[in-house]
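Here is the structure we will look at.
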Amino acid sequence: MNKARVLLKPSFFTTCLTRAATLFSSVSQLRSFSRQMEVDPSNLERYCYDPVLRWDPQVEDYFTKAYGSDHFARISKALTRPSSYSCIRVNTVKTTTDSVIEKLTKILNDSELVQSDGSSPISKCEIPGLDYVVFVNGSGPHRIEYGFSLDNPPKEVLVSRKCAEAVLRGAQVYVPGVLACTAHVEKGDAVAVCVAMEQPGDEGDWSVNMTRGTTLQGLPTDPYYCERSGLYIGMGTTMLSRAGMFRVPNGVAVDLSNRVFRLPSLHNVLEGEIFLQNLPSIVAAHALDPQKGERILDMCAAPGGKTTAIAILMKDEGEIVAADRSHNKVLDVQKLCAEMGLSCITTCKLDALKSVCLPNTLNDSTTLVNGDNCGSVTQLSSNEEAASDASRIYEADKSCVENASTEEPNGGDNVSQADIRKNKRRMKNGRGRTQCQGGRVGKSQGFPPNSFDRVLLDAPCSALGLRPRLFAGLETVISLRNHGWYQRKMFDQAVQLVRVGGILVYSTCTINPSENEAVVRYALDKYKFLSLAPQHPRIGGPGLIGGCEFPDGYIEEWLKPGEEEMVQKFDPSSELDTIGFFIAKFSVGSKD
């Protein structure tokens, strides 16, 4: 439904009037309320940060069965808050940990980040093997004084939920994230920043029930007054007037100087020398245990954090193929590799569900890009030749990575009618967004079975472990199960690509057992040659044992006793204070 139409519905006006009438039936009640607010500190809880995740009832029941009521309540609360520290991975190919700490100490010379005992907020990770990881401690939650009085409420800026989640991690309030603002806000004004949360609609959907540019009143008569309670994230100074916030396309709207959570902004800091990455993601690269000279595939590589982490562990010696199905995301991986000065990584555009390319499926139009020079190509003349020379070609070439310049724009014997129509549209409409990025991406037809020593499948998932998270209403029990089915299909591809004796690591950033333990159960039951392998370092907790029966009768099986300690499950409510994450490591035995 169009958001503008929501404001035109008669029921909307009726709701607003009812709210106002219920709160204050007369001017005398308003004055009484004013006196009450001035003397009762508990009413000031409105101007705080205390969000509550609203889960689908069936999803909440599912997670409660999996974790227990109290444990899931702690997880749910932890997800609404950022981690208390920023985790930084040092690029040891270019610099050293001590050098980075010294530079960061000079850059982040901020008294607000100094610890209560006067110590530096910057420290080296003490976990064995992770001495190249640096922690920058933050603080919070802090209570902010917004200067409240009912007669003169603070001026407010309302931001989108996604903008707020970024602000809680240390970002500023940028213009595209501003949804609404108090009237008569000028540049330099002090404003309270609050969050606009999605609300359930009449048709079962979720949306922010306001148009961009709405004027906030700050009084209980404001129809959005109650929706903002407990969702204030800080106090700042406007860099633009109200008119400017809704006219210019970009720029900083509010300089947030007083935050509920104080974490350093590391945007554009020491580019190429450091990479901001969650601790479990770094552990996933270690679980793969890459060795110099090996051939490794990162099936869903973007934005390239784990890819570059693997390359650094290999000392940039070997071959890493970083694949992703998005053209622009592959360009992002290429950019990151260039910034970090890593040369062992080859990128390609490839759907993870189509990763396997059998030798007898190669035809005359298949083009391979040579591993030593991505500009040179090798043409296969026939299926028979491809089958007989497969081993030679796969060793010498970057496994079916197709050079984009070899496409036939006007059609050909092996060009489909769909491609012809697509090229005609491209000629008619001009270059699309992906062709205007200034980069070139090789397109892969897939890889032959058993062609990699190690494979990392960091699968696309529901991302219910990422934090801070302020909204989870879109997920249903069916969608959670569908995520798991999708990942099983990718796993089916990954397991074929690992050679006998190799290693396959599966990871997600979600707390959903359907995507974690249930996928492991599926893998072990279907592929008898797979076995769970020990992980180092092991700092996460155990997985879930047993299973769950859904209301529709579907039974989901998780880990068996003894297997729970072979996986790593990172709990956002644990002392590690990380995102929710899951890692399983498999050894590949004889496939016969």
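Glycine residues also receive a Cβ, built from the backbone N, Cα and C atoms like all the rest.
Over in TrEMBL, the protein carries these features:
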ACT_SITE  CYS509  active site, nucleophile
BINDING   CYS300, ALA301, ALA302, PRO303, GLY304, GLY305, LYS306, ASP324, ASP351, ASP458  S-adenosyl-L-methionine binding site
COMPBIAS  402-417  compositional bias 'Polar residues'
COMPBIAS  422-431  compositional bias 'Basic residues'
DOMAIN    207-589  domain 'SAM-dependent MTase RsmB/NOP-type'
REGION    401-443  region 'Disordered'
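Mapped onto this structure are the features recorded in TrEMBL.
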residue: CYS300; record: S-adenosyl-L-methionine binding site; CB count, 10 Å: 25
residue: ALA302; record: S-adenosyl-L-methionine binding site; CB count, 10 Å: 22
residue: GLY304; record: S-adenosyl-L-methionine binding site; CB count, 10 Å: 26
residue: LYS306; record: S-adenosyl-L-methionine binding site; CB count, 10 Å: 22
residue: ASP351; record: S-adenosyl-L-methionine binding site; CB count, 10 Å: 16
residue: CYS509; record: active site, nucleophile; CB count, 10 Å: 24
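Largest Cα to Cα distance within the recorded S-adenosyl-L-methionine binders CYS300, ALA301, ALA302, PRO303, GLY304, GLY305, LYS306, ASP324, ASP351, ASP458: about 19 Å as a whole number.
Taking the Cα atom of each, LYS306 (S-adenosyl-L-methionine binding site) and the residue listed as 'active site, nucleophile' are about 13 angstrom apart.
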